[in-house]
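Pulled from TrEMBL, these are the features on record:
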- 4-121: domain 'Gfo/Idh/MocA-like oxidoreductase N-terminal' (DOMAIN)
- 131-246: domain 'GFO/IDH/MocA-like oxidoreductase' (DOMAIN)
Amino acid sequence: MKKINWGIVGCGRIAAQFCEDLAYTNNGVAYAVAARSGEDATAFASKYGAANAYEGYQALFDDKNVDVVYIATPHNFHFKNASDAIKASKHVLCEKPITVSAEECKQLSLLAKKHDVFLMEAMWTYFLPAIQKAKQWVEQGRIGTIKHVKADFGYPVPFNPDGREYNPDLAGGCLLDMGIYPLAIANYFLNNDLENLHVRANIRYKGVEDDVLITANCGDVMVSLATSFQCRLGNGAYIIGDKGYIKIPDAFRAYECSLYELDDLIERFEDGRQSQGYSFEAQEVGRLLSENKRESDIMSHSQSLLLQSQMERIKALF
């Protein structure tokens, strides 16, 4: 099997974790790295075994040996970086949030279709085996009809007015950074939009939120979601039905999940993985490209647009 050549855009923490996890796939390698600083790109490429390093992103997009680009720059650069890659006929896996507005998300989807390239938001959680197992249990009717979904994700982020997390010019705030995960969990298991949104948010600095609580419903299903830069939350998810429930500890990296009937543990799944978890989305992208697919059924363009639309509606209620 020919391995696909990944071009890595950005040299931050997430890009490093992604490159480390490529070693646990059998269909892709880190081939090239680009950063604003050529020195940073060279050091990163050397560390992760990439053959080429570029100062500036366009040179990577123009490299004919790059098959697919992984974009790991700050949120507000995603739209431009992804657009430039697509215009260079590169397939794209873009870190979440794929854009910072629903309109940008629509434009990016249309651009990918125009240039006939693959595009996916890197919602890695969806591809984790424990999340897939939980989804299977729901589809098998193991918990009956879903009645409640609860999910939260938060940890302390020290206040730094110059840091990305609290900078409004860099699309800072806990909603886009971490709140997207609980929202994504709700969407994945409910397969529908949220209604009757009620939002409480603490605004910390220049309109940037550091705590958000969301309640809503999806038809008859009650939904409770939370995210925070102020404290570590439970960071888990519960999918609760009228016959039982599924508990997913540390749901956004999800090493395991458990199935309960009332208070009785019926089944437990552990994935036993060695990677951090990014390997599963990377492996899936490689598989889809080998089949000449242009979109994922698991994380589709419409799923990304739904997330962006929801976050816009939530922010409007701050």
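Even glycines carry a Cβ here, placed using N, Cα and C.
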* Secondary structure content, the domain 'Gfo/Idh/MocA-like oxidoreductase N-terminal' (4-121) (per DSSP, counts of residues) -> 51 helix, 30 strand, 37 coil
* Structure fact -> What DSSP reports for the domain 'GFO/IDH/MocA-like oxidoreductase' (131-246) is 32 helix, 46 strand, 38 coil
* Let me know the model's mean pLDDT on the domain 'Gfo/Idh/MocA-like oxidoreductase N-terminal' (4-121). => 98
